[in-house]
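What follows is a short report on a single structure.
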Amino acid sequence: MSEVKSDIQIAREAKMQPINDILAKINVPDESSAFSPMGRHIAKINLEYLDTLKDKPNGKLVLVTAITPTPAGEGKTTTSVGLNDGLNKIGKKSIVCLREPSLGPSFGMKGGAAGGGYAQVVPMEQINLHFTGDFHAITSAHNLLSALIDNHIYWGNKLDIDVRRIVWKRVMDMNDRSLRSININLGGVANGFPREDGFDITVASEIMAIFCLSNDLEDLEKRIGNITIAYTRDKKPVYAKDLKAQGPMTVLLKDAIRPNVTQTLENNPAIIHGGPFANIAHGCNSVIATKTGLKLADYVVTEAGFGADLGAEKFLDIKCRKSDLKPSCVVIVATIRALKMHGGVAKDDLKTENVEALKKGLVNLQRHVENVKKFGLPVAVAVNHFIKDTENEVKALIEFCDTIGVKASLCTHWANGGEGTKELASHVAELCEKNEDKFKFLYESKTPLFKKIETIAKEIYRADEVIADTKIRDQLKSFEDAGYGDFPICIAKTQYSFSTDPSLKGAPTGHSLPIREIKLSSGAEFIVVICGAVMTMPGLPRVPAADSIKLNKDGEIEGLF
């Protein structure tokens with residue numbers, strides 16, 4: 001048996017084409033007015049060029065989501081890349097639009113996030129590390145606002161900011177639990193007024209959300225100005241624009257907001273831009289990137305983070321609501337290993353055939369299919385094939401999908417690239433072409449905020465009730481009174497269960513949704529509802545991926561998979 005190559009080995013063997021050749025495939029002219037090269041294999045598309053595309057018709061939008069995942073993930077990015085390559089193989093002009101990886105999980109639990117096997121975007125090492133510096137710009141803009149807040153207080157606090165009611169934390173793009181709650185301005189009067197503060201991870205930042213939901217620079221600046229940063233001693237809101245912060249923050253983001261273009265291993269175009277997490281944020285790449293893809297190709301394949309209860313719900317109820325995007329089809333990625341886990345199999349036994357456990361775990365897939373159909377969208381299932389999957393297990397999964405009225409396609413893109421997704425690609429194209437445009441939101445914008453939360457909890461998570469104390473309910477009422485009642489809901493919870501208890505696998509019922517905290521994102525224009533024990537600053541696992549990452553004697557990176 002031949003040695004199985006690692007993702008990084010495969011990526012290094014890629015025969016990448018110059019980025020201007022990749023852009024030529026989607027008719028972007030080889031002119032400085034259209035794009036700015038960032039080396040030989042990456043470019044940023046200029047906003048002025050994007051303005052010239054406004055009158056072009058849109059292509060078909062395909063959303064890739066997944067069943068409730070294992071900690072290793074079920075391969076949404078890999079499947080998105082593979083499906084994009086498959087669509088191009090069957091003669092469809094397609095672009096994949098992905099999120100940028102965060103350094104947190106790259107050095108933490110999951111490792112890199114540029115696909116896997118023969119379904120990757122490249123140059124993989126650059127994409128997984130600093131890429132084009134977008135996350136640095138977002139982090140810098142966010143922390144500039146933090147610095148301006150404390151500076152304003154130091155120089156007299158003309159706005160009468162109550163230091164006990166500052167709601168704007170600092171951020172960094174790393175998993176570091178020690179920074180969740182800190183004291184700042186210590187060391188004497190020269191350093192300011194001591195107060196409590198903390199850090200979130202950059203991908204949970206409201207700046208990241210605004211960056212990904214803005215339509216252009218003007219919209220970006222307006223939204224930044226509308227960020228609620230604190231409250232006065234009279235409990236009146238203080239906004240970023242009160243500190244004149246929107247101008248310099250937009251300056252820091254003016255280049256980052258241009259979409260990044262790179263390529264797949266099969267030299268098909270990929271747009272990689274923005275990267276909020278889906279468990280603690282809205283989990284979708286930028287609106288600008290998605291709209292760019294729709295103007296340049298007949299099909300755009302994009303993914304939303306974690307399971308369909310998180311990323312897909314937020315993509316449909318937040319991103320689509322804010323941008324007038326409408327998917328033509330949704331692909332749910334399922335793996336045999338995750339379904340066996342939902343059927344009660346222990347992690348160490350997932351590689352052993354167990355058809356009965358698989359059948360028991362299929363309730364998880366069934367619920368995700370039912371949930372997506374509530375949005376009026378056609379569904380396809382992509383079975384992301386692993387080497388240890390058996391014929392009996394695959395057969396049981398595909399036959400089950402037939403009984404619930406969806407077609408499942410066995411996908412071998414990890415081993416075979418686009419050739420391994422041609423069946424899925426053909427089915428997706430068929431669903432897109434006959435889409436009857438029945439897309440609808442789960443709730444109306446005018447629905448009261450608490451009712452919106454209840455709707456998501458009961459319709460998507462299948463909870464019996466939402467638990468919220470008087471303080472939470474009063475906060476929601478105050479948001480409505482302040483004019484934010486039309487905002488959609490962004491629920492932050494564990495990605496490992498429909499419930500807030502990560503140990504409840506399968507399709508649990510009879511549980512409740514306890515609200516721990518709510519946050520107003522007045523710039524991003526949604527309400528964050530934090531449930532259970534989920535953290536907006538993750539920690540590293542006992543054995544982080546960083547333990548295996550190093551430079552070898554040839555100066556090459558090892559361990560970044």
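Even glycines carry a Cβ here, placed using N, Cα and C.
Computed from a predicted structure; not experimentally measured.
Per Swiss-Prot, these features apply:
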BINDING   Thr70, Pro71, Ala72, Gly73, Glu74, Gly75, Lys76, Thr77  ATP binding site
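For Ala72 (ATP binding site), the number of other Cβ atoms no farther than 10 Å from its own Cβ, over all displayed protein chains, is 13. Candidate binding-site residues: Pro71, Gly73, Gly75. Fewest other C-beta atoms within 10 angstroms, Pro71. Of the listed binding-site residues, namely Thr70, Glu74, Lys76, Thr77, the sparsest CB environment within 10 A is found at Thr70. Annotation note: Gly75 (ATP binding site) sits in a coil segment as assigned by DSSP.
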